[in-house]
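**Student:** Below is one structure. I have some questions about it.
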Amino acid sequence: MSWRDGLTLDRNAGWQEVHVATASARPDGAGAWALWLTGRLLAGVRWLLMLVAGFVVLNPVVAAAALPAAWLYLADRPWWALAALLVTVAGFGAWFWLRADAFDARVTSPLRKWWRRRRYVRKWSNLMASSGLAVKTRRHQVLAPRLVWVRQGRYADVLRVRLPDGITAARFTERLPEITEALRAREARVLPARRWRLPAWLRARLPREFAPADTRPGTVFLRLAFGDPLVHVVTQPAPAEEIDLSAVTVGRRDDGQPWRVSLLGTHTLLAGATGSGKGSVLWSLIAALGPAIRSGLVHVVGLDPKGGMELGFGRELFRALVTMDGRDAEDQAVAFLEDLADEADRRASMLAGHARTLTPTVDMPFLLIVIDELASVTAFIADSKRRQRAEAALGRLLTKGRAPGMHVVGALQDPRKEVVKWRDLFPTRIALRLVEDSQVDMVLGDGARSRGARCEAIAETAPGVGYVVEDGSRAVTRVRAAYLTDDDIRQLARDYRPGPVLHAIDGGVA
Ligand SMILES: Nc1ncnc2c1ncn2[C@@H]1O[C@H](COP(=O)(O)OP(=O)(O)OP(=O)(O)O)[C@@H](O)[C@H]1O
Ligand SMILES: [Mg+2]
């Protein structure tokens, strides 16, 4: 029996030998073997030549570096050419050794992009047909989704695909697993259509049927991700002295760009199972605001129901920190929320008739309110009267605090229904690793999981990784928060501790 045969069980005759078709059939006989081998060899050489050609021709940096050697060779100085080549290769080696990231960005990443483009073009029509996305017309013509253009990035490509009549975007989405495998991507998803960025005067004059929408009938935008810039721990860069509260950097997105969140006019709900890295999101947020905390333009107050285990490391950065220890823990939490809700009322009435949003000053700073476990001020308060008071105060704070410069970041370990009733009051939502897939839509909103937010599939070995729904669109983005060690947090507290007064919660929070 040879390697391409198999065995099958015949009910009457016991085991029988059968021929099994393998993916690549191989030849029988010496002559056929020689032919087959030569074919494979030629294919290999062609592949290598294409690789080298792509490397040199498509890469201006490599092309420029190869010029001296090529010139010397053409000038009939082969030894000098060889020496120049060796120097060039050594130079590239040193570059790779010293600055691997820059080397990848300028040399190997363009090559990978070119290789991916080749793969799209080579495989596209077969892939569409074999995935069942081709349709036959009345005249027996076969129509398949057409690749219109490809926009490439270092870690992800977006393919604009025009669908033939008879194929819907939903059907295309069902075939994403086949497409992911065939195009050797880490992940594939369909993005909502990009909104046009037209000047307002032109938009106003456009007929309504051309108004930009989230979907574009007959077209899908397929995003394919390759490699993963989030496998390594992300570090927080030193914050700029001028803080822009509408774009605070808290980590990295999976396209390699910084992950920025806006704190203005919104609150943030942060959900994640235990050990998913909620602490790193909270701390990278605080770290990014360092200079503004020191100058007094931002005040941070916190509630840490674990007795200060999470937020206690950087206690000096907080204007008030309630740690909920002792017998009156629930009263502390209620008083904390009621004080803040009163502050929201005060600010709202001061701003009324003057401005819609607050511009932070030292007298009226921006207030960042960090609650490490939201359930501990709602569902987990045992006494029903206290719970009602806490919930009323939280509701008031969330509805009134947005415009007058108060931002609540509420962390949540277990997004159960009774806690999720608060969800709609948190316009910004971040979901880290979750225990069940049903929790994803509970946190990020309906349909987020089917648009690519696989929070339940995040590995336990990747704390700080999660998904967010981008502002102003329904697109889901994979992110990783920057990580600050305990020592980093202590250093942060030393560098950015606010001015002289640190007063207790019952002395007011602002
Ligand atoms: N962004 C990150 N990058 C790398 N490692 C991280 C990151 N965030 C957290 N970790 C690691 O994972 C561990 C758990 O993180 P963390 O304590 O922040 O989880 P958590 O979600 O706050 O859990 P809990 O709900 O139990 O408080 C930390 O000890 C830390 O070592
Ligand atoms: Mg924690």
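Using the three backbone atoms N, Cα and C, a Cβ is placed for every residue, glycine included.
Since the structure is predicted, the reported quantities are computational estimates derived from the model, not experimental observations.
Checked TrEMBL, it gives:
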- 47-73: transmembrane segment (TRANSMEM)
- 79-98: transmembrane segment (TRANSMEM)
- 256-441: domain 'FtsK' (DOMAIN)
- Gly272, Ala273, Thr274, Gly275, Ser276, Gly277, Lys278, Gly279: ATP binding site (BINDING)
**Student:** An 8 Å radius from the center of the Gly272, Ala273, Thr274, Gly275, Ser276, Gly277, Lys278, Gly279 Cβ atoms defines the neighbourhood of the ATP site; name the other residues of that chain inside it, in order.
**Tutor:** Gln413, Leu432, Arg433, Pro463
**Student:** My understanding is the cutoff is Cβ-Cβ under 8 Å with a sequence separation of 6 or more in the same chain; which residues meet that for Thr274 (ATP binding site)?
**Tutor:** Gln413
**Student:** With DSSP assignments reduced to helix, strand and coil, which class does Lys278 (ATP binding site) get?
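**Tutor:** Looking at the DSSP assignment, Lys278 (ATP binding site) belongs to a helix.
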**Student:** Taking 10 A as the limit, how many CB atoms besides its own sit near the CB of Gly272 (ATP binding site)?
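**Tutor:** There are 30 of them.
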**Student:** Once the chains shown are all counted, how many other Cβ atoms turn up within 10 Å of the Cβ of Ser276 (ATP binding site)?
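**Tutor:** So the Cβ neighbour count for Ser276 (ATP binding site) comes to 26.
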**Student:** Given the binding-site residues Gly272, Ala273, Thr274, Gly275, Ser276, Lys278, return the subset with CB under 6 A from an atom of ligand 2, ordered by sequence, or none if empty.
**Tutor:** Lys278
**Student:** Going by DSSP, give the three-state secondary structure for Ala273 (ATP binding site).
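**Tutor:** The three-state answer is coil.
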**Student:** Express the predicted model's confidence over the domain 'FtsK' (256-441) as a mean pLDDT, rounded to an integer.
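**Tutor:** Per the prediction, mean pLDDT sits at 88 for the domain 'FtsK' (256-441).
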**Student:** Count, for each of the binding-site residues Ala273, Gly275, Gly277, Lys278, Gly279, the other C-beta atoms lying within 10 angstroms of its own C-beta, and report the residue with the smallest count.
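**Tutor:** Among the binding-site residues Ala273, Gly275, Gly277, Lys278, Gly279, the sparsest Cβ neighbourhood within 10 Å belongs to Gly275.
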